[in-house]
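Engineer: Below is one structure. I have some questions about it.
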Amino acid sequence: MAAISREEVAHLARLSRLAVTEEELDTFAGQLDVILQAVAQVGEVAAADIPPTSHSVPLTNVLREDVVTPCLTPEEALSGAPDAEEQRFRVPRILDEDVAS
Amino acid sequence: MTDVTAMTATQIAGLVATGAASAVEVTQAHLDRIAAVDGRVNAFLHVDTEGALAAARDIDARRAAGEELGPLAGVPVAVKDVLTTKGVPTTVGSKILEGWRPPYDSTIVERLRAAGTVMLGKTNMDEFAMGSSTEYSAYGPSRNPWDTDRIPGGSGGGSAAALAAYEAPLAIGSDTGGSIRQPGAVTGTVGAKPTYGGTSRYGLVAFSSSLDTPGPCARTVLDAALLHAAIGGHDPRDSTSIPAPVPDVVAAAKLGATGDLSGVRLGIVTEFGGEGAEPGVMATFREAVDTLTKLGAEIVEISCPHFRYALPAYYLIAPSECSSNLARFDGVRFGLRTGDDGNRSLEEVMSLTREAGFGPEVKRRIMLGTYALSSGYYDAYYGQAQKVRTLITRDFTAAFERVDALISPTTPFVAFPLGARTSDPYQMYLADLFTIPSNLYGGPGISVPCGLSEGLPVGLQVMAPTMADDRMYRVAAALESAVGTFTPPAL
C-alpha cells in the first residue's frame, strides 16, 4: 500500500505554498512514497521512554546588555526587496476586495 | 617563480610573508587558472575579480607598512554560495535568490577577511545545500576534475572541485549531512565538519538549523586546520555558538604529521562493515586501517547499533527544519517575486513565486517536512526521529568511553557518473550513509584521502567527540603523512 496518496501530496503542496503542476504531482507522489516508506524505519526502534533531542548542544537563552549596536539602514534592509515604498516592503493585496471595500 | 596554484596554502602564505611573491601575483595566478579551466569544471557561480584584486592589494600595502599579518594572509579562498557576502551575489544555488546581493557579511566571511585571506568568488552547490552531487544546482552541475563526466560530490561540490582543479588552495563549505566530507572524499581533497556550534551560522542561509555547520576544505590536513582556526570560535550573533575556544587543531595537525599514533585508540564501526558500500571502497579503507596500525594506533571494533537508523532519522529531521526555514522565501523581503499582476493575492503570488523559484529536490523536502510535522504524523515521524537522535548520541558517547575516535570510509561509493542517481532521490540520499551520524550527534568529522579505487579517490572519515576536533586532525594528518596527497590527471 502506498504511504501517501496523490491527493495528500496536493494538500501538502497547498500547505507549503507551492503552486505545483499536475505533472509534478504525479512525479512527487511516487517519489515521496518511496522516501516515506524508507524513513518509516525509525518506527522499528523501541524508544517509548527515550527523551527527544532537538539540538546537540544544550540550548539556553542568550542574553546581552540592552545597548544599541550597528544594524542595517532602512535602505540596506530594503535593498533586496522585490517591491518597496516609503521605507516599507510592498506586498500584493492581502484582503479580498469585497472585504477590503 | 614556480606555479603558485600548485602550492599549499601554507606554502603560499610563506611566500607572501617573506615577500617572495605578492598577494596580487598569487591572486592573479588563481584568477588566470579559473579563467583557463572553470569552463570545464563549473566550480564557481561568481568570480569576484575586482574584489579579490582589491583585497590582495590591501594585504600587500599592509605588509609593506610593516603590519603583523596572520598565518593565512594573502592566501586565496573560494566560498560556498551558502554564505552571505556583502554586495557580492549569493544564490544558494537557487533561482529564488538569483541576483541577490546581501546587505551584510556572514561571520565566516568577516573572519576570512580579518585573517587576510583573499576571496576569489562563490562556489556552486546543490540548491539550498540539499544534495550529494551538485546536480540539484539551478545553475548546472560542477564536474569532478578526476573525471569530468562524474560528480564532484555535494552539496559543496563546487568548493571541492575548485580545490582539486587547483583554482583555489582553500575553500569554505557547510555540512548538514556530509556536504563538506563527501565532496572531499570523491575529489581526493580534505574536508572537515567542525563540532556543531564551533563555527558560526550567522549569515549561513539556513537549511536545517540544528545540523548546519560551516567548515574548512583544503588539499592538505594542515591547511584545513589553519583555515578552521581562522574561522572558528564563539560568535555572539549565533545563539547556538559554543562559548569556548577552538581546540588547537593546528598543533594537532602538526603532531599528527610526525606519523606517530602510538597510544591512540581508534574504533571501526561494526555497522559500517560493508553493507551498501562498494568492495573497492572497503578494500581501500582496510588498507588505510593497516597503515594506521603501522603508525602505532590501536584498532578495535565497536558496535553502534542505532547508526543504521541515522539516515531515516536525518531525512525526517532535516526536511522538517527545512520546511520551516524556507518559509522565509515568500517573495516579499528578498529574491524572486513572480505572478504579481496587481490582481492576485499575496498568497497566490507567494505560491507562484515558490513554485517558480525552487527546484524539485527543495520542493520534495519542503513537502516531506510539512508531512512529518503535521498533526497525526508528528509523533510517528518527527518525534520518533528525535528519539532516535538521542540513541545515536548515546552510541557515540558509549564508543568514546572506549576509543579516542571512530573511523570509517567517508562515502559508500566513489564519484558516480553525472545523471546516475537523479531519477531516484533516495539513491542520492545513500551517499551520506556514513557521514550523517556525526551531524545528528553534533561531533566533528573529517575526510582525508586514503587511496584510489578504480582510479578514483576514496576518503577515510575520522569522527571525534564534540569539542575534540583536534583529535581528528591528528589522526588525519598522520594518515596523510603515510599515504601522501592525490593529484588528478591534468585537465
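Glycine residues also receive a Cβ, built from the backbone N, Cα and C atoms like all the rest.
Feature table excerpt (TrEMBL):
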- B:K80: active site, charge relay system (ACT_SITE)
- B:S155: active site, charge relay system (ACT_SITE)
- B:S179: active site, acyl-ester intermediate (ACT_SITE)
- B:25-471: domain 'Amidase' (DOMAIN)
Engineer: To the nearest whole angstrom, state the Cα distance for the pair B:K80 (active site, charge relay system) and the residue listed as 'active site, acyl-ester intermediate'.
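Structural biologist: Cα-Cα, rounded: 11 Å.
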Engineer: Pop the Cα-Cα gap between B:S155 (active site, charge relay system) and B:S179 (active site, acyl-ester intermediate) into the table, whole Å please.
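Structural biologist: That comes out at 5 Å between the alpha carbons.
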Engineer: Sorted by position, what residues of the same chain at least six away from B:S155 (active site, charge relay system) have a C-beta under 8 A from it?
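Structural biologist: B:V82, B:G93, B:M125, B:D126, B:A129, B:M130, B:G131, B:S132, B:T134, B:Y136, B:S174, B:T176, B:S179, B:P183 - these are the non-local Cβ neighbours of B:S155 (active site, charge relay system), listed in sequence order.
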Engineer: I need the most crowded of these active-site residues: B:K80, B:S179. Count other C-beta atoms within 10 angstroms of each C-beta and give me the top one.
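Structural biologist: Of the active-site residues B:K80, B:S179, the most buried by Cβ count within 10 Å is B:S179.
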Engineer: Need the DSSP three-state call for B:K80 (active site, charge relay system) to compare against my parser.
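Structural biologist: For B:K80 (active site, charge relay system) - judged by DSSP and reduced to three states - the answer is strand.
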Engineer: Over the domain 'Amidase' (B:25-471), work out the mean pLDDT and round it to an integer.
Structural biologist: 97
